[in-house]
Amino acid sequence: MADDRDRDSTEVAVAEFHKKIKEAFEVFDHESNNTVDVREVGTIIRSLGCCPSEGELHDLIAEVEEEEPTGYIRFEKFLPVMTEVLLERRYRPIPEDILLRAFEVLDPAKRGFLSKDELIKYMTEEGEPFSQEEMEEMLSAAIDPESNSIHYKDYITMMVIDEN
């Protein structure tokens, strides 16, 4: 009996995921022909609550692209791959407390903020560096124009996706 219940709940989850994926995909299907520009795929995936790294996103795109890349992704190829990603709960966002600890490591004086220059230095010189475009996007969202710094507790609260 438990197997039937598990199968039923999986089927319900799959149906729910299919609906969400279709809705997210359709936002970017400007021609209404079941395709989206390959450059929109990351935005679609993130709108579904997934946070893949650039490398993971690249692998996902390779999985859903045509043999001969056209610059467009077809819904029929995207749907099964994205359904599997959601079912397996891959690319979950990093929990708030871990993000906070990461910022606190960069702020040993425990001021509660980083200056714009500090943020740029950490994000472009350490680990997997941000591209110019990624850096500008983060700065526009994160930096308080009055103090020219990032108050990271507020930023984390804004960034974290509500799971419900």
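Quick reminder: no glycine exception, Cβ is built from N, Cα and C everywhere.
TrEMBL annotations: computationally assigned, not manually curated.
Averaged across the domain 'EF-hand' (16-51), pLDDT for the predicted model comes to 94. What TrEMBL records for 16-51 (among others) is domain 'EF-hand'.
Within its own chain, the domain 'EF-hand' (94-129) is flanked in space by residues 51, 53-54, 135, 138-139, 142-143, 147-153, 156-157, 159-160, which lie at least six positions past its ends and keep a Cβ under 8 Å from the stretch. Under the heading domain 'EF-hand', TrEMBL lists 94-129 (among others).
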Under DSSP, the domain 'EF-hand' (16-51) has how many residues in helix, strand and coil?
23 helix, 3 strand, 10 coil
